Amino acid sequence: MTVSTLATSVASPRKATAAILANAVLIVIALCFLLPLAWLVLASLDVKATYQTQIPEQLSLDNFAAVFNPELTFLPLWNSLLLSGGAAVVTVLASVLAAYPLSRYTMRFNKPFMYGVLFGTCLPITAIMVPVYSLFVRLNLLDSIPATIFFMAATSLPMAIWMTKNFMDSVPVSLEEAAWVDGASAMNALRRIVVPLMRPGLSVVFIFVFIQAWGNFFVPFVLLLSPSKQPAAVSIYSFFGQYGAIAYGQLAAFSVLYSVPVILLYVLVSRGMGGSFTMSGAIKG
Amino acid sequence: MTANTVSRPPRETVTGSGPSGSGPRRRPRGRTLTRVLPLAPAVVLLAIFLIGPVIWSFYGSFTDAALTGSSAQDPQWVGLDNYLTLFTDPVFPLSLWLTFVFVVASAIVGQNFLGLGIALLTNRASKVVSAVVGTAVVAAWVLPEIVAAFVAYAYFSEDGTLNQVLAAAGMTGPNWLYSFPMLSIILANAWRGTAFSMMVYRAALNDVPVEVTEAAMIDGADGIKRLTWITIPMIKNSIATNLMLITLQTLSVFTLIWVMTAGGPGNESTTLPIMAFQEAFKFGDIGYGTAIATVMLLIGAAFSLVYIRALRPEKV
């Protein structure tokens, strides 16, 4: 770190002024981005919250206490966990299995398949919930949690297959070759050697799908009808519709409770990213 | 004859029989099948829940399917009726235009330039400031979309934070969500989505070797010249990828607009996803909503074909 700062400072004598300017502009940008969020945090701690950003007269956790009940918070959060956890597990399993032949064998349809996957990644499939709704009506899958899980998994599969294949390509084949020589089947090699080696990559895919599904509002809003099956994203919207114009503080508290899990997961994955992709070093030296 | 034996060392028979073997000598008929079998779960999922809705979208747009009533039970084939209605509907050109404005202003101008600007500035700024601005920008992006939408709603509402700030500066702010609905959702979407562009550009800039810019510096190129002639050309692939991805993401933004303005007032912020939803679930015309969804699919497909052709990823 010190070496690189030294090197650039020697190369550019005007760095000091530029740095002050850059810092000033960035601090202004950071304030602009944080300002809307300040309301969320302050209002959740303020019993008399409005849409104004204000320092609460007295800090209290009453808003949290008010929404802290099974019907309003726990059941929706459990449903969210079920939906996003289910979607993430299904996606990771399906994409690991699919990535193996795509990464390890040279087959005629590899290329068209991967192009198809890339094309699928780009389709605005979550924007076309109207035909999805009528397809679900026709298949009698409306208001079914498993079907919604599979739909969410399918929409994140193209991206997940793409990522998983790239991660798998970076796991050296020579480790598996040793296993094949010892008589292990392809599936055994995948389970015992490849998957453990790409655990960091797979957890990135898992968390990526989980965060997306956790935050998704439109899909469960259209596909799940009974309140007892709806995840937090939808129940928070109904709460807003019913009490939003009065209970700002509770709305904010509910939003905070619902956001904390994904924020923690994001911190986890961004911390882990730094040193986790060193496994390809297993083959060197 | 001798060459044949040389090119086939005894070791290769070992690897050749393993799953990685590409030797044409022994190819049992069932082997390809066993090899592609692991693809099955993914293929089945994609066929039912991804290709299914796409086909259904094309099919449904030719029917008079409704939310309730007799056409809900037994939709009739109506040919191009939905599309004829669509092209004579005055809301459709407006909606198309608003979607275009929304994508260009919030994604291509807002997120893209802001993200690039932040990424370039963090290279010169102190570590602490870069970390703080990175966290602030990413925070808006990590939040669940419905929470981000509420926060934006509160921020732009008449007695919200934005007008508080303006009042502190001695100005009376308008009711943003009613008077300037498009501006509000554009700013909100730029706020929410800049993190993605910022992360793409930070990664891209890290890959630009310092030696190249320093060589240009020694040759006397100033900051702006270095940026336009060295840095930008070197990250042009990342720029293309990023523009494409944020365009497609912004094209399908629903929740943010739905919570902030619900397409209103009137139709002043009705982008295509909002229009499709309203036609289908507010006015009960599933067939018509499906036709709008099909148009969106076609726009998305066109964009992604251009993108895939232009980029032609070699690592497939």
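Glycine residues also receive a Cβ, built from the backbone N, Cα and C atoms like all the rest.
Residues annotated as region 'Disordered' in TrEMBL: B:1-30.
For the transmembrane segment (B:36-59), the residues of the chain that approach it from at least six positions outside its boundaries are 290, 293-294, 297, judged by C-beta separation under 8 angstroms. Among the features that TrEMBL reports, transmembrane segment is placed at B:36-59 (among others).
Under the heading transmembrane segment, TrEMBL lists B:96-121 (among others).
Under the heading domain 'ABC transmembrane type-1', TrEMBL lists B:97-307.
Marked as transmembrane segment by TrEMBL: B:128-156 (among others).
Sequence annotations record features per position, and here TrEMBL assigns transmembrane segment to B:176-192 (among others).
Using a Cβ-Cβ cut-off under 8 Å and counting only residues 6 or more beyond its ends in the same chain, the transmembrane segment (B:243-266) has close neighbours at 99, 102-103, 106-108, 111-112, 145-146, 148-150, 152-153, 156, 177-178, 181, 184-185, 188-189, 192-193, 196-197, 272-275, 277-278, 296, 299-300, 303-304, 306-307. Annotated transmembrane segment per TrEMBL: B:243-266 (among others), in sequence order.
As annotated by TrEMBL, transmembrane segment applies to B:286-308 (among others).
Here the listed stretches are B:96-121, B:176-192, B:286-308, and the one with the most C-beta pairs under 8 angstroms to the transmembrane segment (B:128-156) is B:176-192.
Note on the transmembrane segment (B:96-121): residues 133, 137, 182, 185-187, 189-190, 193-202, 204-205, 227, 231, 239, 242-243, 246-247, 249-251, 253, 268-272 of its chain, located 6 or more positions outside it, place their CB under 8 angstroms from a CB of the stretch. Only residues 6 or more beyond the boundaries of the transmembrane segment (B:286-308), in the same chain, are considered here, and those with a CB under 8 A from a CB of the stretch are 54, 57-58, 60-67, 71-72, 75, 78, 82-83, 85-86, 92, 240-241, 244, 247-248, 251-252, 272-273, 275-280.
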